[in-house]
Amino acid sequence: MGPGPPAAGAAPSPRPLSLVARLSYAVGHFLNDLCASMWFTYLLLYLHSVRAYSSRGAGLLLLLGQVADGLCTPLVGYEADRAASCCARYGPRKAWHLVGTVCVLLSFPFIFSPCLGCGAATPEWAALLYYGPFIVIFQFGWASTQISHLSLIPELVTNDHEKVELTALRYAFTVVANITVYGAAWLLLHLQGSSRVEPTQDISISDQLGGQDVPVFRNLSLLVVGVGAVFSLLFHLGTRERRRPHAEEPGEHTPLLAPATAQPLLLWKHWLREPAFYQVGILYMTTRLIVNLSQTYMAMYLTYSLHLPKKFIATIPLVMYLSGFLSSFLMKPINKCIGRNMTYFSGLLVILAFAAWVALAEGLGVAVYAAAVLLGAGCATILVTSLAMTADLIGPHTNSGAFVYGSMSFLDKVANGLAVMAIQSLHPCPSELCCRACVSFYHWAMVAVTGGVGVAAALCLCSLLLWPTRLRRWDRDARP
């Protein structure tokens, strides 16, 4: 809910943030963005292709991370609100951000490093148990940093224009983070991978991922946490959380009756009885499935189905992200011209075109760059539009907006983890690093996560066209 008109004698509005303060805030999520890019793009590839763990084992670890993230996100938000009176001098939000940052810094490098104390005779289940606690700690830290950083926006600024500006700066550094990860991955694969090739060794062997690439991913994770730690330090040095006033006690001039509001409040229990809540929620979930699963399985598709050199696991995701970033600038004018639903549908058409291209083409070759442009543009279109649809659904009911976002976030994270586990369970050679069946498996997995889920998203969109989102009026004094 936006601020009302200033009352007589009210304190003046806070001064706008300086450019340094705005930039300091914007870099506070840089570490999370770096880690998230590496987590979704390279975790399965590292565990299965480099560490030679079974496909089910790799999928189980990713599922553990997604479930831990989904559970920690609402719990951290609840505890952060409860602890608002703690750490008053430093700021409760910054304190939670610091806790999350430390957890991420201490746990993330171990996820992309060999199991300490494990040998050739160590059973796989023991290695998976070793990685499990580090993944849970990382996801707890990631959620703590994300929630505290987002909740700082209304603490730092009150003007809607400044809120949009902070969000835009935050997204700009997200772009920089993804470019940094993919650029560093390409550089490490190019330099460190080629330096290990002996003069008598076939050059094609150096283009295949394997145990020799463990230092590449270990160094990439160390680079990620090193750079992220510097930006997190800049955030804590340059961001000052404003002190919250204590709960206001009723005074002499406080009206006994609250003024009537034009719009009744929607509580969390009311959302559960709104069909539109489930319509938009399922659409958002399918959108996230397309975006995250295509990012997760793109590296596997490039490696096993197209047999491309390993540098492509860095260059193709980079092309996808740049394509999506550039296409996001077209979202506002397109939305104005054809509306939310048709904008989302246009993005789906682009993704379905990519899926059809992959399904029908025997080998893409260099054309994989053009396909990556299509997928990146389509994913950015449906993701931005689905977020706008969620904001439209909440509308003026911001008092329960956190419940809506939290519910949809929990649903999409758990669904992503379960989907990955299901795909990994169908892997034709779970006990081998790769076999002939992998070629067609990852080919059709890529078609399924884009085309198959895209069809499901189209059906959800049709339900919104047939039954537009309309919220009923609820009497907050009425019993549910």
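Cβ from N, Cα, C; glycine included.
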Check: Leu209 and Cys337 same membrane side, Swiss-Prot record: no
When counting Cβ pairs under 8 Å to the transmembrane segment (98-118), the leader among 57-77, 219-239, 280-302, 447-467: 219-239
Recorded stretch that, among 125-145, 280-302, 403-423, 447-467, has the most CB pairs under 8 Å to the transmembrane segment (369-389): 280-302
Two-stretch contact, the transmembrane segment (348-368) and the transmembrane segment (447-467), at least three Cβ pairs under 8 Å: yes
Among the ranges 171-191, 311-331, 403-423, 447-467, the one whose Cβ pairs under 8 Å to the transmembrane segment (280-302) are most numerous: 403-423
Interface-richest range of 311-331, 403-423, 447-467 toward the transmembrane segment (171-191), CB pairs under 8 Å: 311-331
PLDDT averaged over every residue in the topological domain 'Cytoplasmic' (146-170): 74
